[in-house]
Amino acid sequence: MPKGILILEDGSCYEGEIYGYAGENFGEVVFNTGMTGYQEILTDPSYAGQIVVMTYPLIGNYGFIPEDKEREKSFVRGLVVRELCDFPSNWRQKERLEHFLNEEKIVTLAGVDTREITKKLRLYGVMKGIISAFPEKRTEYQEKVKLLPDISGQKLAYQVAGSEVLYYPGQKPRVVLVDYGAKNSILHSLLKRGAEVYVVPPLMPAEQILALGPQGVVLSNGPGDPADLQESIFIIRQLIGKLPILGICLGHQLLALAHGAQTYKLKFGHRGSNHPVIETESKRVFITSHNHGFAVREESLVGTGLEIWFRNLNDNTIEGLRSRHDKILSVQFHPEAAPGPNDADFIFDLFLEMIDKGDGYA
């Protein structure tokens, strides 16, 4: 296998072998702690602009299953693994993971001590990096990496979102899903509950959204800094109070910003399928799937009318907000999972119940 390197902005260099596409790319280097779910991770638009380090040592052991993709293409800038499986085994697989990586031109580095990289990111925070199949350019990269743009300011959600209105027939209720990089599993979670769904672009004006006659709105997940999306925040403000709204991941953050709260960047984010959160009222604990690098600042919630619904048991950060008055539910985690446990899929049921009752959350 040809040799390759990963260069971090602190100048550190990690050598390995290149699988799939032999090119170069740059991005924010993050780590994911999931043991499975690599194909959902690779096709989740929330990873746009990022080089993903998988902490689990063996990746690709059940091949690649196209029907499980979260979007048709990948927005990941690079993949770093300890070992990429050469002989996957799964009755549903259509191809090896390496084939997909090559088709999508994802530079993949294997044979790397991913635990060492993870410890560095955990200690110092996420870093910009360059992943490349040209190790001879190491010195050049160590200078170039310092000049790379930050993930904030790029409005990544607008780059990955769909540009057309899509319609999916169903019974009731009629729901509009605002696409900031929505995973297919969010759409499927609504459809399997009988909802009629319109998927709309992120910059569709509020009056056009309301003209579709929805009984509720879902604000999807997506990549990047939520504070960059001022146009979307303005649109959401015009929807608040008019109908029930469910925010997921980026959508949760945008709802908080639309209420006047603030967000901030986490040191190394939450990315994995094993994060415990606690519901503040019932004290029930749920294991949930996460993929976010930003969070809502707690002290900024004063006067917003939002109450804390869930907290993260690892670092006490806010994982959910709600407002009975404004008919709002929002979660920082992924109730649709994919990948991850289904502990929190009841969130969709609560949202549909809120629409049905018309008087705020149950």
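Every residue, even glycine, has its Cβ placed from backbone N, Cα and C.
Among the candidates S12, S46, the residue that TrEMBL names alongside G222, G224, L250, Q253, N291, G293, F294 for the L-glutamine site is S46.
DSSP assigns C249 (active site, nucleophile) to coil, not to a helix or a strand.
Close to S46 (L-glutamine binding site), meaning Cα to Cα within 10 A, are the following active-site residues out of C249, H334, E336: C249.
Within the set of binding-site residues (G222, G224, G293), the lowest number of other Cβ atoms found within 10 Å of a Cβ is recorded at G293. Sequence-distant neighbours of C249 (active site, nucleophile) (same chain, 6+ residues apart, CB-CB distance under 8 A): S46, S220, N221, G222, N291, H292, V331, Q332, F333, H334. In the shown protein chains, 30 other C-beta atoms lie within 10 A of the C-beta of N291 (L-glutamine binding site).
Cβ environment of Q253 (L-glutamine binding site): P226, G247, T263, H292, F294, A295, V296, Q332 lie under 8 Å away, each six or more residues apart in the same chain.
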